[in-house]
Amino acid sequence: MTGIEQKTPVGGSETGGADGLYAVLPLRDIVVFPHMIVPLFVGREKSIRALEEVMGVDKQILLATQKNAADDDPAPDAIYEIGTIANVLQLLKLPDGTVKVLVEGTARAKISKFTDREDYHEAYAAALQEPEEDAVEIEALARSVVPDFENYVKLNKKISPEVVGAASQIDDYSKLADTVASHLAIKIPEKQEMLSVLSVRERLEKALSFMEAEISVLQVEKRIRSRVKRQMEKTQREYYLNEQMKAIQKELGDSEDGRDEVAEIEERITKTKLSKEAREKALAELKKLRSMSPMSAEATVVRNYLDWLLSIPWGKKSKVKQDLNFAQEVLDAEHFGLGKVKERIVEYLAVQARSTKIKGPILCLVGPPGVGKTSLARSIAKATGREYVRMSLGGVRDEAEIRGHRRTYIGSMPGKVIQSMKKAKKSNPLFLLDEIDKMGQDFRGDPSSAMLEVLDPEQNATFMDHYLEVEYDLSNVMFVTTANTMNIPVPLLDRMEIIRIAGYTEDEKLEIAKRHLLPKAIKDHALQPKEFSVTEDALRNVIRHYTREAGVRSLEREVMTLARKAVTEILKTKKKSVKITDKNLSDYLGVEKFRFGQIDGEDQVGVVTGLAWTEVGGELLTIEGVMMPGKGRMTVTGNLRDVMKESISAAASYVRSRAIDFGIEPPLFDKRDIHVHVPEGATPKDGPSAGIAMVTAIVSVLTGIPVRKDIAMTGEVTLRGRVLPIGGLKEKLLATLRGGIKKVLIPEENAKDLAEIPDNVKNNLEIVPVSRVGEVLKHALVRQPEPIEWTEQENPTAVPPVEDEAGASLAH
């Protein structure tokens, strides 16, 4: 092979002559700059031959980077035309056939033409000369490049720190620019571009620009790495400490599951849709729990608290059914009658279907025992698709029963409201508050006052239980309360929508017995319908002669008695079936307990049938009066309370003021004592609604005119003889019907209430509205008293005082 021609090596001011002929070593993924000493590993045959060729002559070779690193035998046009002339300092052949070579770049060169040589690449190239430039400007740039390069090397851990010391000692600015460029972490095309630039100033500017941009990125990377490292160290430290704690607890015999329980609670907190306040509270308690021994008493308290907090429903709602026809079917199937209540529920569902913003209604079902208040609430839950929970308030005296105990007390728990919500598992159940009128009050607080927050739609969205100490939303709950009387604190009563449920009529009871009570008795006693039957007449007789109530509880007990006796008879006598009729009814239930429709056989003087309202419905009230020789005293007995005593006084005063109109001689009041008795004596009685009955009894006694036996009456009387309205009309009319009385006198102002009375009640009674006592006496007495003429005496007699059982006087 011929020797390699070359130009005189170029420095800063050297100029090139004609092209020299050089062996070319194509480089992959590296650009060699002048003044750089670089080790290279050579494995391709052509490249090894090129090295062997130059080692035998002047050891100069042209290093040019190929454009595609994956090309094993690059064509001339696949090699960059700007390269570096380098001296081969050392060549070492390795056992695997590759060659390690140490080269030193001397000058830039531009390839003009490749030869046709086949065994290795060979090309003509001319060394490139750097232009003359302003030395002051270049020195200024160099002063900026060196400190930036130091900073860059500190941030980029891939570059050896010794390079910085070497770079700071370089006086040749061209060499400085090439040294910095060779160590920059830039792509091959960008490095090749730096190699192609002859101007030292431009090379320094490019290096400075790149380093400033890269330093910003490296600083961010450093911060990220530091943060990640700190986080990893913290995680590793916590893991290490937790493992140590587990090992210590295991040695001490503590539960191995203590930490697992904490992890489980943390997972539950993450999954539960807690309010912001509740989540902060839960995380704070969990943090405390982590620092405690699992076996400590305080840890148990915290665990119990977190369990309660996470067990109640947060945002979990049942889908409320809005099918009005379905709701009506459910209510009708499970309860007979009760039209007003059903109508109100269907109205609520209709509004709910249009607007989801409406608050749940708070209904209060008021009525006597056994009319189906509690079971109706269960049916409402079924009709609306809500979960059903019940809380009995009967006998509750402690406010903590509602709001819970504070956690400072040993064994503290949330109140019954939160406990019931946990049981419901949904945040919009139907919540039945049973017997709300039976709540008590003592030194521990007033639970009815605590209920004010629960039953106020404006407040219960932020209900605060003393145990939980976080607000809980009850605004989606549909509250239904039940009561026997309206004896409820006024603020609490004001928050509820009152729906009165009066007693059932005889026909309604008969239907309830046939549809519900009889099938239930057959099922509960494991009977077949063909084995046990009760005729309609028998059921009616049970209602009339064995029960006297507004509801159907006693009726249910009697039907159950029939079923029990039927089972006993079938098993004893091997009968195939038992049929109860009105003929054999007494064989199973014994003698009749109540009279029905058996009023007094004859009209009597001084005996009047009044009407009363009690907690268990309406009742007939017999009022008896007698007259005897005496000194004008009036005695009242029968366990009467103040209002009824005053009503008797008003009646007596009215009769005395109108004595001559009733045919009574005024001196008679001074010569006779009158005794009014209201059986039964053991039952307390109160209220003004027996006023007209008292007037009728006193007039009958003083005139001797009998009172009709088939008439009952109710109404308050004034001293002027007006009849005032009363309450509980439906219950009183039902009692009249049960008692077999056909005619009833009611105040005229109560006539408007007849619209709510069932038609079968109105059709079976002659209801007469009255406004004055004269009208009452016209209907009640067998004949009308005839007025008399009387001249006022000189010494008018005083109105006799009214005496109770003890003989104490009561002023009129």
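Cβ atoms here come from the backbone N, Cα and C positions, even for glycine.
Of all ranges given (215-240, 267-292, 787-812), Swiss-Prot attaches the label region 'Disordered' to 787-812. Confidence annotation: the domain 'Lon proteolytic' (602-783) carries a mean pLDDT of 89 in the model. For S689 (active site), the same-chain residues lying six or more positions away in sequence with a CB closer than 8 A to its CB are G610, L611, A612, W613, T714, G715, E716, I726, G727.
Over all protein chains present, the Cβ of P368 (ATP binding site) has 23 other Cβ atoms lying within 10 Å.
A coil conformation is recorded for V371 (ATP binding site) in the three-state DSSP classification, outside any helix or strand. If you draw a 10 Å sphere around the CB of P369 (ATP binding site), it holds 18 other CB atoms from the protein chains shown. Note: the CA-CA distance between P369 (ATP binding site) and K732 (active site) rounds to 16 Å.
In this structure, S689 (active site) belongs to neither helix nor strand by DSSP; it is coil. For the binding-site residues given as G367, G370, the lowest number of other CB atoms within 10 Å of the residue's CB is seen at G370.
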